[in-house]
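Structure record follows, encoded as structure tokens.
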Amino acid sequence: YVAAVYEHESVLSPTPAALVERRSALELMGRNLDIYEQQVLAAARQGAQIIVFPEDGIHGFNFTRSSIYPYLDFVPHSHSGKWNPCREPYLFNDTEVVQRLSCMALKHKVFLVANLGTKQPCQRQDPQCPPDGRFQFNTNVALGADGALLATYRKHNLYFEHAFDTPPEPDHAVFDTPFAGKFGMFTCFDILFFEPAVNLIRQYNLKQIVYPTAWMNQLPLLSAVEFQQAFATAFNVNILAANIHHPTLGMTGSGIYTPVKSFIYHNMESYGGKLIVAEIPVVTADYKTNLEKTPGRVSEKGKEQSPPSFYAEMMYDNYTFVPVWGEKGELQVCANTLCCYLNYQRAVLTDELYALGVFDGLHTVHGTYYVQACALVKCGGLSFSTCGQEVTDASALIDFQLWGNMSTPYIFPLLLTSGITLDYADHMGWKNNHYFLSKNRTSSGLLTAALYGRWYEKD
């Protein structure tokens with residue numbers, strides 16, 4: 001099928017904390033919706049059957065609970081499939097945004113997924129009802145090619161979004177299409193958690209995901225395109241990921257991903273939006289998924305003397321590293337119950353320091369979640385203290401096998417190359433209770449090769 005995602009540079013309110021009238025909120029959102037309209041037309045002309053827009057693309061961000069209120073639409077949560085906002089605009093008040101989205105979908109006969117702010121009144125007697133008598137949600141809507149509202153999803157894992165509420169229960173949002181079957185839907189930070197992302201995919205056996213996001217890139221392990229690709233690979237799904245484009249805030253990185261190929265956009269240099277349109281196969285075959293463990297043991301090789309280990313901070317966590325010296329070698333480094341192993345051979349010795357790092361613990365900055373990671377990274381300079389820094393360019397071509405005795409089945413294989421480009425491993429998966437990743441000769445210099453494990457039970 002033909003899919004489209006649009007990386008949108010939003011027209012933002014200069015003063016998001018100021019209180020405004022609904023009229024001026026609609027005027028600002030209208031400017032973003034005008035751009036959406038152009039992109040839906042452009043995508044439809046290229047044969048797109050579905051288009052996805054980013055999180056916060058219509059209203060922006062940095063609001064307070066009260067300042068966002070005029071920007072919120074009323075979208076009934078339970079009416080999925082029964083209401084067509086474009087054809088029945090009179091059914092509910094305050095639905096101008098969802099009406100415009102519905103009319104775009106109808107006019108261009110495409111499925112459309114977009115993110116907006118919504119409100120829902122609640123009874124003060126309800127213990128979960130906020131003091132102001134309403135819920136405010138960060139919401140995705142999926143609209144059919146006839147304009148009908150097919151599904152709504154209210155973001156569960158909020159990322160310091162003080163204007164929004166967490167829904168009482170995680171939404172499992174799914175909608176059906178004639179061209180690719182069922183799609184699941186979640187937003188941004190959700191991708192790192194069991195609920196709803198993993199649970200949704202497992203319960204509905206999903207193969208297609210739509211993913212609006214407003215992601216701030218964090219190298220070396222959580223760049224948007226890097227993690228989006230890893231997720232598609234780990235769960236054997238297609239992901240249509242639309243990010244916002246604000247390079248000054250570190251926000252870029254969108255793509256259309258299959259488990260074995262991706263069409264991406266990552267651009268920290270220039271301004272303006274970007275439409276990606278690609279034809280991808282409907283995933284049906286289960287290439288043996290990477291979540292199945294096989295029994296057995298790894299034979300212990302005679303270990304040579306490992307180089308000295310050292311500590312450095314990476315992604316706000318304290319990693320234990322060993323330097324990757326010389327043109328070839330075998331290394332191991334351990335922390336808690338996790339041991340990481342690396343066999344490597346460099347094509348040419350370059351003047352660049354690489355290190356093999358391990359972390360097995362609770363990550364606590366910008367969210368709390370348990371990580372088990374084995375990571376081969378290029379350091380920022382030649383001293384140990386630069387390992388873990390954000391690096392975007394590399395020239396070393398390294399053949400490697402990386403493996404670890406991970407305790408969780410949820411492993412995201414990361415492979416990032418120079419200039420924030422993606423590569424695919426030659427082999428990966430479980431073998432003798434270890435997860436491994438191997439690659440001969442990356443297409444360009446290696447930035448990161450990592451096994452990023454999420455141990456959800458220990459969050």
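Keep in mind that glycine also has a Cβ here, set from the backbone N, Cα and C atoms.
Automated prediction, rather than curation, is the source of TrEMBL annotations.
The 10 Å shell around the Cβ of E55 (active site, proton acceptor) contains 26 further Cβ atoms across the protein chains shown. Annotation source TrEMBL lists active site, proton acceptor at E55.
Around the Cβ of K155 (active site, proton donor), the number of neighbouring Cβ atoms within 10 Å comes to 26. As annotated by TrEMBL, active site, proton donor applies to K155.
The active site, nucleophile feature in TrEMBL is assigned to C188.
The domain 'CN hydrolase' annotation in TrEMBL covers 15-282.
Summarising the environment of C188 (active site, nucleophile), the number of other Cβ atoms within 10 Å of its Cβ, over all protein chains shown, is 26. If you take every residue in the domain 'CN hydrolase' (15-282) and average the pLDDT, you get 97. The distance from the Cα of C188 (active site, nucleophile) to the Cα of E55 (active site, proton acceptor) comes to 7 Å.
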